[in-house]
Amino acid sequence: MLTIGTALRADATRVMLLGSGELGKEVAIECQRLGIEVIAVDRYADAPAMQIAHRSHVINMLDGDALKALVEAERPDYIVPEIEAIATDMLVTLEKQGHHVVPCAEATRLTMNREGIRRLAAETLGVPTSTYRFADSEESFRQAVEAIGYPCIVKPVMSSSGKGQSLIRSAEQLDKAWNYAQQGGRAGGGRVIVEGLVNFDFEITLLTVHAVDGIHFCAPIGHRQEDGDYRESWQPQQMSALAQERAQKMASDVVKALGGYGLFGVELFVCGDEVIFSEVSPRPHDTGMVTMISQDLSEFALHVRAFLGLPIGAVRQYGASASAVILPELESNNVRYQGLESALLPHTQIRLFGKPDIGGKRRMGVALASAETTEDAVEIAKRVAAGVTVSG
């Protein structure tokens, strides 16, 4: 039987968030709703989740010794990674010492690295994927591109939000693509994956929950990407019954192989009735922010409920809904927002993340909308997002 202690008391139940951005902030809010003590950690001060946590710490989470020292000092009941840039080998060590890593340390280690999860999916589980090669030098990169053929995509094996990714259509782009991949890796330069292009009708995120009462699926989420990052997402994405069945089977196999309780964002390509695996994150997914308006339990609530060992039961989807990012471009450490009075249309919501500064283009908020159709919901969400003026 689960016992939840009271925050800031001797028997408090403590959650340590490794990563304190907008997704971590929503996880922190769901923890707070259950009276859980939240410790927010990130590499910069005043990150969104830090603003609502009981305590916060600024460390380099790629420094295993610093991470270990902080965990030993705080003694959290649950260590919840919310980003990829973490010393995952140290998480494996901490788990062996008795600490609870969500969903488990091995899942975090494998999915931080595109090579680990791709080899698990394609070579161990036999899941359909794009053609791929790995390279760790410019020479082997060129050989990989030659083997895959044009056009192809290159990505650092460790990166997020499209950083370091390029579409290569000709040999003239190789130098630029290699250098960009080396700049975009989470842990600096290094190994890359070269992938062949996949013919698909659309991409989905299938939020998959592994909980004490089994595997649960949210309705498929469609999304539009630009510059490697999502701009709008919508739920439900319409797809054939056979494709949805195959997607759920694929997601279930991958999630069970990774292990541990929590919510996983499984990214898939869909072409007719065929489904091809792309990636998986063992945590809430940015495209899943639409669930803050589309479901009775958001992806963040589902994640917390699952890793605490609580049953999910069922997830109720309210109907056509969408999200659109608020993505300004400016330089400021004193950001201000205007226009909400006119931007907030009926059946819409706005989330401003509270990021302390902006240097260039940065996702600072999200607009949420519900409507009769997903197409209408997307257009309304985009209109709401465009109505928010960001200055500094």
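Glycine is treated like the rest: Cβ placed from N, Cα and C.
Going through D175, D273, D286, D296 against Swiss-Prot, the one listed in the N(1)-(5-phospho-beta-D-ribosyl)glycinamide site together with E22, L23, E82, K355, R362, R363 turns out to be D286.
Taking each of the binding-site residues L23, L197 in turn and counting other Cβ atoms within 10 Å of its Cβ gives the largest count for L23. Ranking the binding-site residues L23, R114, G164, L197, E203 by the distance of their Cα atoms from the Cα of E279 (Mg(2+) binding site) places R114 first. Cβ packing within 10 Å was compared across the binding-site residues E22, E267, and the lowest neighbour count falls to E267. Around the Cβ of R114 (ATP binding site), 22 further Cβ atoms fall within 10 Å across all displayed protein chains. In this structure, L197 (ATP binding site) belongs to neither helix nor strand by DSSP; it is coil. E279 (Mg(2+) binding site): 18 other CB atoms within 10 A of its CB, across all protein chains. In this structure, the C-alpha atom of K355 (N(1)-(5-phospho-beta-D-ribosyl)glycinamide binding site) lies 23 angstrom from that of G164 (ATP binding site).
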